[in-house]
Amino acid sequence: MPSPTGVFVLMILTHLSFGLGQVRNEDQLLMVGQNGDLDSSNPAIHHQQHQQHQQHQQHQQHQSNHNLNNGNMNSTILNTLMGNNAGQVVNSSPGGGGSMINQLGSSTSSVPSVIGGGVGSVGNPWHSAVGLGVPGNGMGLPSSHGLGGNMGSHPHGHALAGLAKLGIIVPGGQGLPGNLGYGGTMLNGGGVGGAAGMGLGIGSNTNNMDMQQGLYNEHFISEHTVMAVFTSQGQVGGPCRYMPATRRQNHQCRKETGLPGTLSEARRLATTHCEEQFRYDRWNCSIETRGKRNIFKKLYKETAFVHALTAAAMTHSIARACAEGRMTKCSCGPKKHNREAQDFQWGGCNDNLKHGKRVTRSFLDLRGGDGDEVSEILRHDSEVGIEAVSSQMMDKCKCHGVSGSCSMKTCWKKMADFNATATLLRQKYNEAIRKAPNQRSMRQVSSSRMKKPKQRRKKPQQSQYTTLYYLETSPSYCAVTKDRQCLHPDNCGTLCCGRGYTTQVVKQVEKCRCRFNNGRCCQLICDYCQRLENKYFCK
């Protein structure tokens, strides 16, 4: 076993091969002095060695990017161990994650714990020369050519956005925000690989976000899907086509060929009705609050609303698609049976609300479980959206008889227009309740109700999913109201946050003085009139 003052050799994995996770190793030797320091006796030699390391690292970066762009690379974990295992390369199965990294640099001595990349140290003044160079103890130091501390602030540190293009994920509470990242949940932008613990994974899939399961907090699937609904535009790669999806969601889209188109319809319903409901409010369904912060950073009242609206739109679209024959694994809803007192016959094709609820809960992963407070509230708010669709079910009837009489009537169950559901959820948004952190979780409330002794039900039980909950007070959204149109001057006073507004006079041309031609039915003739209209815009 080498002593602390011995010679350290760092083996760097330089080439990730195609195929089934096979790796070709190309070793690089970094010369170290007897005391563990870089040999700096000859400055010219030291400078030449440093340039060689830089050129070699650039070659590695170019080769990795080339392989990742092909989209065929297996997810392989890059890893270097310390101590007795210094200089070794440890491989794991594709997507196996970074749990193989069993030590982080924590030395506080003047000697770097690892020289030439690998794991750095907070307490020492050295930068890692080559490699990822992840510092220990909370990202204390940057690295020279790799993932540096403080979001790569070192002049030679690669930007996080660049690493995102390599498909690197930092999961959960250990994560850092990236191009599409939020709340330290994920760092994404290119191919996606597996990750575990505090490790880094390099992925192979550059066409869609086919993510490893279990790498994020419980509420991530729902949060990711809702965010995709309000940010995705056009088609994306993957079986779900119209929105980035997890591996399990992509599997659902493969099994049900009608689901991708139905999800696209749900996205259209959610975004258009959200914008209509908040057209003249400071928040107009934009995910941004100010700068690059978005409403998914914390659980605001707006976050609760978009989760409820997305779940409602998915339930509505799937239930309607079943009844219209656009789904392969469902059809009309269950038939109703007539009672003696009814003066009509149940018939027609009911909207399949039951199937819509089931698929929505599965796609958003709303299954029960012991989750954290945010998970439980997001799950509850999504259920509020599903319940809103259920409450808008109505009877649709058609009369049959001679000469338009209604001697016989056939009825079926049909959902109301989605505008009614969106209006109901907007009302629930206005009445939403902020939940104090020390209150019981939603699951505890549900469990306490379930423990009550069973009683014979005399009337339909009232749903518990009637109120939206949130945790954080919403920001002002004043930073995103510039140039927004107001409804009237009084509305500008609120919408423009006191910055004032400008008035534009717009000429409108519209039909007027309409009449029947020569007094006969039914040819209508109209004149065209000009009308001046004031429009108001925030400064």
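Here the Cβ of each residue, glycine as well, is placed from N, Cα and C on the backbone.
The disulfide bond recorded by Swiss-Prot for CYS478 joins it to CYS497 [selected from CYS492, CYS496, CYS497]. For CYS332, the disulfide partner recorded in Swiss-Prot among CYS285, CYS322, CYS349 is CYS349. Swiss-Prot records a disulfide bond between CYS411 and CYS397, which is the match among CYS397, CYS399, CYS486. Here Swiss-Prot annotates a disulfide bond for CYS538; of CYS492, CYS496, CYS512, CYS514, the partner residue is CYS496. Of the listed cysteines (CYS514, CYS521, CYS522, CYS529), only CYS514 is recorded by Swiss-Prot as the disulfide partner of CYS526. ASN419 is the residue among ASN91, ASN419 that Swiss-Prot describes as N-linked glycosylation site. Within the same chain, the residues at least 6 positions away from CYS330 (disulfide bond) whose Cβ sits under 8 Å from its Cβ are ILE318, CYS322, ASN352, HIS355, listed in sequence order. In the shown protein chains, 21 other C-beta atoms lie within 10 A of the C-beta of CYS496 (disulfide bond).
The Cβ of CYS538 (disulfide bond) has THR481, LYS482, ASP483, ARG484, GLN485, CYS486, CYS492, LEU495, CYS496, CYS497, ARG499, GLY500, TYR501 as same-chain neighbours under 8 Å, each 6 or more residues away in sequence. Proximity of CYS529 (disulfide bond) to non-local residues of its own chain (separation of 6 or more, Cβ distance below 8 Å) is seen for VAL509, GLU510, LYS511, CYS512, ARG513, given in sequence order.
Considering only the disulfide-bonded residues CYS274, CYS514, CYS521, CYS349 (disulfide bond) has CYS274 as its nearest partner by CA-CA distance. Of the disulfide-bonded residues CYS332, CYS399, CYS521, CYS526, CYS332 has the largest number of other Cβ atoms within 10 Å of its own Cβ. In the three-state DSSP reading, CYS285 (disulfide bond) counts as coil.
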